[in-house]
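K.L.:
Per Swiss-Prot, topological domain 'Cytoplasmic' is recorded for 1-48, 106-111, 163-168, 223-282, 343-349, 492-502, 554-621, and the stated evidence type is sequence analysis. For 1-33, the entry in Swiss-Prot reads region 'Disordered'. The transmembrane segment feature in Swiss-Prot is assigned to 49-69, 85-105, 112-132, 142-162, 169-189, 202-222, 283-303, 322-342, 350-370, 471-491, 503-523, 533-553. The topological domain 'Extracellular' feature in Swiss-Prot is assigned to 70-84, 133-141, 190-201, 304-321, 371-470, 524-532. Swiss-Prot lists ASN195, ASN375, ASN387, ASN400, ASN405 with the feature N-linked glycosylation site, giving sequence analysis as the kind of evidence.
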Amino acid sequence: MVPVENAEGPSLLKPKGRAAETDGSDRASGGPHPPWARGCGMYTLLSSVTAAVSGFLVGYELGIISGALLQIRTLLVLTCHEQEMVVSSLLIGALLASLIGGVLIDRYGRRAAIILSSCLLGLGSLVLIISLSYTTLIGGRIAIGVFISLSSTATCVYIAEIAPQHRRGLLVSLNELMIVIGILFAYISNYAFANISHGWKYMFGLVIPLGVLQAIAMYFLPPSPRFLVMKGHEEAASKVLGKLRAVLDTTEELTVIKSSLKDEYQYSFWDLFRSKDNMRTRIMIGLTLVFFVQITGQPNILFYASTVLKSVGFQSNEAASLASTGVGVVKVISTIPATLLVDQVGSKTFLCIGSSVMAASLVTMGIVNLNIHMNFTSICRNHSPINQSLDESVFYGPGNLSASNDTLRESFKGMTFHSRSSLRPTRNDINGRGETTLASLPNAGLSQTEYQIVTDSADVPTFLKWLSLASLLVYVAAFSIGLGPMPWLVLSEIFPGGIRGRAMALTSSMNWGINLLISLTFLTVTDLIGLPWVCFIYTVMSLASLVFVIVFIPETKGCSLEQISVELAKENYVKNNICFMSHHREELVPKQLQKRKPQEQFLESKKLRGKGQPRQLSSEV
């Protein structure tokens, strides 16, 4: 639970041995926060939690397809490519929405965007519930994708702009915590409805009431004070700040906001790619960071968790859904400490730890799966009802074949088929027992699908199966403390307020575009090169992300958004290696500025810029 403090009380989450303040002299001496920086009252907490409900809904929608797909692919007789399209259609909607989301957020406000996205969630969910065809299913998933993209961007920006600077990391990361809780509930729902007829409709419909309630609640919450200042409503912004900070005098914080926004009205979208205020470097950092979020493989674990777990030995839909629930539990448990400690430890440290552990776990997972000797997975087989009946007698899994016909089983034991064949089940009614056998018939009328005939399940050590699951869980845990929550905190901080919405929308487009590409090809690539080599590719990407974080990502804990913007505007930001700026206060801040208040530091820095002197940033804790 987030500690709540009144206007008079000190911070309850100070880093040990260091002052938690963000203004000049008070921070250096370990004194209390100024009133405008202290305010993390109940109203701020309530607004942040209500907005973060979007995170829960996003997580639920991202995770629910993992189990729903197991039922839908059989009901609608989906091919491998169609399964990929069902999963990826959500990402198509998200990508399309991200292209216009920034304009909506900057023009109509962060709160209005959240309300609109909740309405889209309800509409898309209704379409999914009544969908009776592949086409309507795709349409509903696209609508859900629009909700996810718009909601994700608006929520991060909204919380970052209403939070006091010393609680910003905690409150923004709350959104990621809600996302993983939503994923966990999605996996629980997958398990609960795994054996219920048309259970996928219940899975898709459970979130509608919560989405409606959030839209209503957000209507009564305040707009972002920074957005109000951007629109010229300074009096309204002052009132909102007073409620959020639980203080009467908001002059100082309002002055800082106005000063930081004064020169930002002239930003255009194309300024993101120009050298002005070093925006080109900032957008490069943002785009590369979200690239690594996706290219390290986490989306595939999220969307195809149940499918992948079936391929490594968790055989039934129910068993695979239950195992994927463990993935959700690990995500929640791992995200909680990252959320609570981000303001003390810093986002950069968590990113480094997460990328390192991800690489180690992926190597282990790849080596283990090499030893399982999976000659082929049955992920892409045809899931028609006739093949579903076959599943009762023939088990498809890594290193497994079992059939009621013992002679058939012995005949194929140890054999591997590398080419495609059309397999159909035939029902032997001659002996009256209705035993199922296999017939490999060319041009049998069924779609071309791939099967594996390999060794008995007894040949696959149980230890390897569980070690593979353990490696997967460690990988998920590492992602949940690093590349899961931290990039969105960094993105909400590194762009100036006047262009933040458009910058977030562009990085969101990159995020969804890469996600779409990876998810749309995962099953195909896995069939082509095998799961072990997919793991090794993700390992290389995790190590590359570690190097990128060390070199380029700033440590912004304890700094105000205005201070961060001033520092990143330096043309020699990367050359000066300011990545660990929290540990180099005296090098970064002229002594004459250290005793001044934040707004004075900001204005003085602007004067220094006009004289051709380097722009400096007040350090955080």
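FYI, residue positions are counted from 1 along the chain as it appears here.
Just so you know, glycine gets a Cβ as well, placed from its N, Cα and C.
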K.L.:
Given a Cβ distance threshold of under 8 angstroms, which distant residues of the chain, six or more beyond its ends, lie next to the transmembrane segment (533-553)?
P.N.:
285, 288-289, 292, 295-297, 347-348, 351-352, 355-356, 358-359, 362-363, 365-366, 369, 483, 490, 522, 525-526, 574, 579
K.L.:
Just how many other Cβ atoms lie inside 10 Å of the Cβ on ASN195 (N-linked glycosylation site)?
P.N.:
12
K.L.:
Using Cβ atoms and a strict cutoff of less than 8 Å, what residues sit near the transmembrane segment (49-69) while being 6 or more residues removed from its termini?
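P.N.:
83, 86-87, 90, 114, 117-118, 121, 141, 144, 147-148, 151-152, 154-155, 158-159, 174-187, 189-191, 193-194, 200, 203-204, 206-207, 210-211, 214, 217-218, 221, 302-307, 317, 321, 324, 328.
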K.L.:
Do at least three CB pairs under 8 A connect the transmembrane segment (503-523) and the transmembrane segment (169-189), leaving out pairs fewer than 6 apart in sequence?
P.N.:
no
K.L.:
Mean pLDDT for the topological domain 'Extracellular' (371-470), as a whole number?
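P.N.:
A mean pLDDT of 45 is what the model gives the topological domain 'Extracellular' (371-470).
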K.L.:
So what's near the topological domain 'Cytoplasmic' (106-111) in sequence-distant terms, Cβ-Cβ under 8 Å and 6+ beyond its ends?
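P.N.:
Contacts of the topological domain 'Cytoplasmic' (106-111) (Cβ under 8 Å, skipping residues fewer than 6 from its ends): 154-155, 157-158, 161, 218, 221-224, 227, 230, 500-502.
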K.L.:
Hey, would you say the transmembrane segment (503-523) packs against the transmembrane segment (283-303), going by three or more CB pairs under 8 A that are 6+ residues apart?
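P.N.:
Result for the transmembrane segment (503-523) with the transmembrane segment (283-303) is yes.
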K.L.:
Under 8 Å, at least 3 Cβ pairs, sequence separation 6 or more: does that hold for the transmembrane segment (112-132) versus the transmembrane segment (350-370)?
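P.N.:
Answer no: the transmembrane segment (112-132) and the transmembrane segment (350-370) share fewer than 3 Cβ pairs below 8 Å.
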K.L.:
Could you pull out which residues elsewhere in the chain have a CB under 8 Å from any CB of the topological domain 'Extracellular' (133-141), counting only those six or more residues past its ends?
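P.N.:
Contacts with the topological domain 'Extracellular' (133-141): 65, 72, 76, 78, 82, 85-86, 89-90, 93, 124-127, 204.
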